[in-house]
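**Student:** The annotation transmembrane segment is assigned in TrEMBL to 46-66, 103-122, 222-243, 250-268, 288-305, 312-327, 333-350, 422-448, 485-503, 515-536, 556-573, 580-598 (among others).
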Amino acid sequence: MDTLTATPVTVTRRPTARWLPWALPLVVAVAGLLSTGVPPGALLRYALYFAGCLVLPGVLLLRALWRSTGNWAEDVGLGTVVGCAFQLAGWALFTALGIQSALIAWPLTLLAVFAALPALRAHWRITEPQPLPLWWTWGLVIAATVAVGGATFGVFAYHPMPPDGVAYYPDLLYHLSMVNELVRSVPPQLPQVAGESLDYHWFANADMAAAVDITKLSPILVLYRLWLIPLLVVALLVCATLARTISRAWWTGVLAAAALAGPQVGLLVGNSVDLWPPLSLISPSQTFGLLAGTVAAVFLVELLFRGRQPKGLWILAIAVALVGGGAKPTILPILIGAVGLAALFLLVRDRRLPRRFVVAGALLVASGVGTMLTVAGSTSGSGVQFLAVVKLQAGYRAATADATRAGEGGLLLPALASGRTLSVIGGLVILGLLLIAQATALAGYAVLGNRRLRCDPLGWFLLGGLVAGWAGFLLVDHPSASESYFVRSVVPFSLAALAWLAATLMRQVQDRRRTAFLVAAVSTGLAISYGAALLWTKGRPTGPQLDRLLTVARPMIAVALLTVVVVLLWPVLTRRWPRLAGLGGIIALVTVLLVPTATTTAINVRRLGGHHAQTFSAAPWRVSADEADAALWLAQNARPTDVVATNTYCRPPGPQRPGCDARGYVVSGIGGRRALIEGWAYTQEAMARQNVNGRRYTEQPSPWPDRVAATERALYQPSPAALERLRDHYRVRWLYADLHDGPVSPALDHLAQRRHSIGMVRIYELPTP
C-alpha cells in the first residue's frame, strides 16, 4: 500500500522516535514564553495542570465513552477538548457551591476512579495501536513549532502584560474582566455593571477561570501568555484529525495543519496584533469555539457515516457541541447546517431519513436554542444585509464613494443598491478581493466538481457546514463586523473538503511520493507568484472615483491575469514536462493553501524590513503606569466581590465627555473587580443603539445614566449623602478616583479613607455604617 494514502498501520518503531520530535515545539514555546515575561515556575505549574487536569482526564473519557484513535497524538488532540468540557462542568459545580479553590479535586477524582476500577484501567494505554507514519509526526511538529513560535515571538511580544505596557488592546482587557468575574461566580455578573447579568459567550473565559482556580496563577498571566499556546497545538491536531477522518489518508492531516500554521511564519519576521485567522489571541472565544466545533464535527462524522458507534459517542458529540455554542455563537449553526444538508441529500436520494440524522439534528437545534437564550450574547445591533461585510473591507469607500457604516442601509449592500455604475463596479471589485482573501475558506466548495464526492452524503455534510458559515458571513450585518467569525469558524470544514479532494486526486497517480514533491514545488512557485501579484500591485487610492477604483482593483486584475497566463501555458508545460499531466487540480488546491503563507510573510518583510515592530502602543488605548499600578493594588487588597466606583469608563485617559469611546476596563480588567459602571460599549444595551444619532455603539451614552451620575457626583462633588447612596444603594465599597479622567475633589480625603495613592490615582475605602 502506498505510504501517502495508507491508513495507520502497526509498526515497530521505538516510541522515542515518535515522542522525541515534539521536543522541538516545546523548546520553542518555552523560549518564547520565558522571553515574554513568564516565570519558569509558573510555566512548569501550568504545564502540569494542562497535562494532568485536561489532557489525561479527557483522553481517558474519550477512550471510555468511545475508543482510542490508535495513536497518542490524535487522542491528545480530541481528548484535550473533551477534557475542557469535563473541566467546565466541574468549574460550574464547584463555583456555584463556592468551593472553586478546591477545583483540582474534580480531575483528580476522575483519575483516581480510572486507576482504581479494573474495568477502566485498560484505558490508560492504547490496546490496539495504529500509529501514524513518522512523516505525519514531523509534519505536525514543524507546523506546531511555527505556530507557537509565531504566537510567542510575534504576537505575545507585541502585547506586554499589565502593568508593563503603555497601551492594552481593549478586547484583551475585556476578556480579562470576564476571567476575573468567572473565577468568583456562576452565573456571572457583568463586571462593568455590577449586579447585571453577563450576556456573552463566555465559555473560553470560564476555561481560563478554571485554570486560575487550579494553578493559583494570575488571570493576567493565564490570558496573556499561558492559555493559548497548548491550545494552538491542539487546534492543529484536531484539524489534522478531521482531515484524516474524512479523507482516510494520513498526509491530508499534515496538509491541513500546514495550512493553519503556514501564515504564522510572517509573525517570525515581524510582530502583529494577532495571529492569522482562524487562530486568535485577542478573541479567545474564536480559538476555543474552533476547537470544540472541529472535534464535534469529527464525532458527528463517526456517528452519522461510519457505522454503529458506542452510545457514549453521542454524549461526547453533544457535550463538545454545547461547549462550542457557549464559546462562539457561530459554531452550532455551522454544525446544524452540516447535519441538515447531509440529511436533505439522503432524503432526496433515498426517500428516507436515517433516525440518527434526526436525533443529531434535534439535539443540535436544542443546544443552539439553549445557548442563544443563555450564553450567546453580543448579538444586539445585528441586522440582515446581503454582502454587508463588503462595506467593512479596506478600499470600499474609495472604490464606491459609499460611507455607509455597519448596521446602516437596506437589505442589499448600499453600493450595489445605489444604481451608480462606478459604485456597483466598485462593490463587485471589493467583493472579488474579499473572496480572494477568504480563498482558504471558500475552496472547500471544490468538492462539487468531483462526481464521486458530490454523490457521497459526507460531501454534503462538509458543504452544509460551508453553506451555513458563508451564509452567516454574507448575510449578517453586525455592528462590530463579527460576522467574520462565521467564515473563520468554517475553515476546518473547508480544509477537510480540500484534503478529501486532494486525496481522491492523488489516488489516481502511480508514483505518489515523487508526485508529492513535484506538486509541492510547483505550488510553492505559484503561491509566491500570486503573493507577489497581490502585494506589489497595492496602492493608495487618490483622485477621482474612477482612479480610486482602478487603484483598488489592481490586485484583483493582477490575480486574474496571472490565472489566465497559467491556464494558457499549462498545456505547453504538460507537453514539456509530462509528469505534470493530470496534476492541475491538486496543484491548484495546494496553491490556494500556500498563498496566505507567501503573502503574510512578504507583507511583513516589506513593511518591517525583517525587524520586529514596537509593542502595542496605540494612543486611544493607553493606560498610564499609575492607573495600572493602582488597579493591581486594588486587585491585591479588595475582596473579590467588592464593588468599585470609578471614572475610567472611557479611553483614552482624559475628561469623560459624552461621545467618548466607552471601552475603558482599567478597574474591571486589570484590577479584576466589579465596577459600579465602567466601559459599557460591549453590553447588549449599548450595541443595540448602533448608529443612533449617527454614532457607533462604542460612543453611545451609558444605558445606566443613574450610575454615571452617582459616580461623578461622588468623585467630583462629594458629600456624605452621595457616598452613603453609593454604599447603601449600589453596595460600593471602594472609590478608584483617576485624576487623568476628571477633576477629583480633594474633599474626598475628609469623607472617606484614602488607602492608596500613586501618581494621579487615589483609592478610597468608604466608611462602614
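Cβ atoms here come from the backbone N, Cα and C positions, even for glycine.
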**Student:** Counting only residues 6 or more past its boundaries, what in the same chain has a CB within less than 8 Å of a CB in the transmembrane segment (250-268)?
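**Tutor:** Counting only partners 6 or more residues beyond its ends, the transmembrane segment (250-268) has Cβ contacts under 8 Å with 4-8, 132-133, 135-136, 139-140, 142-144, 146-147, 149-151, 153-155, 235-237, 239-244, 275-276, 278-279, 440, 491-492, 495-496, 498-500, 502-503, 516, 590, 593-594, 596-597, 600-601, 603-604.
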**Student:** Sort out for me which stretch, of 46-66, 222-243, 312-327, 422-448, has the most Cβ pairs below 8 angstroms to the transmembrane segment (485-503).
**Tutor:** 422-448
**Student:** Do at least three C-beta pairs under 8 angstroms join the transmembrane segment (312-327) to the transmembrane segment (46-66), pairs 6 or more apart in sequence?
**Tutor:** yes
**Student:** Any chance you could find the range in 103-122, 515-536, 580-598 with the most Cβ pairs under 8 Å to the transmembrane segment (422-448)?
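**Tutor:** Maximum Cβ contact count belongs to 580-598.
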**Student:** The transmembrane segment (103-122): which same-chain residues, six or more beyond its ends, come within Cβ distance under 8 Å?
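**Tutor:** Beyond its ends, the transmembrane segment (103-122) has Cβ neighbours at 52-54, 56-57, 60-61, 64, 83, 86-87, 90-91, 93-94, 210, 213-214.
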